[in-house]
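Here is the structure we will look at.
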Amino acid sequence: MSSHMFRQLCTTLHTQYGYNGTKGICLEESVAMTLVVLGHASGNRIVQDRFQHSGETVHRHVATVVTLLATVMAADIIQPADRTFRNVLEHIQHSSRYWPHFKGCIGAIDGVHVSVAVPVDEQHLYKGRKGTTTTNCMCACDFDMKFTFACVGWEGSTHDTRIFLNCLNNESDNFLKPLAGKYYLVNSRYPMKRGFPAPYKGERAHEINDVERSRYAQGTYGHSERGHYDATANVISILDEAEMKEVRDNITASICRMPPS
């Protein structure tokens, strides 16, 4: 982090969130200790030696700043620019690849496993299918590649579906559900629900080559079970107007046939 960004972060924590550090440790030092832990995965003893404070002091200040960043500041930053989702995203409006077929899309949802170090007696909860200790996070982003929602902290052994359903049903997570006519694109590991269409089972998400794209263009795409959203956009760009309308109608009908949540 540059010195300018560091000073800006400290100013924001002070002016907008009222954090001033303590009598013995100023705001800047408290934030610096936290950044050393978060940015370099440094342990408590390394921070003790570097800043010449006790382990209890380091733990207390790091915990305070992390809690402030994760539970208060993050909620103000990680959110949609338009919370009503009334306007179509500019990236879609100005893209011949996505407009008008994805005009109702407000973003994409996927999960990510982040490696963590946990006590030995808790490691079995955080070990996923790859055998490493991780925390499972669910994130949403828009077409400007900006995060609009993040749910973090779940054990690595937790299935993506459980996290997804918890975010939908738990109002305290502040997850903004799509309004009528709007939807998120979700990973195939999530359940198919109204407003959350997932790729069709068995379809590859990436690397649709020219041969496959040509086959789709020749008419085999008409079967909706072969559809995939990114592949759809590629096909649409090479179809003439009449075929484009047929594909668009197929996509709309497919989304509308989804079972209610």
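From the backbone N, Cα and C atoms, a Cβ is placed for every residue, glycine too.
Over in TrEMBL, the protein carries these features:
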- 1-68: domain 'DUF8040' (DOMAIN)
- 109-225: domain 'DDE Tnp4' (DOMAIN)
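DSSP states for the domain 'DUF8040' (1-68), grouped as helix (H, G, I), strand (E, B) and coil, give 49 helix, 0 strand, 19 coil. A mean pLDDT of 89 is what the model gives for the domain 'DUF8040' (1-68).
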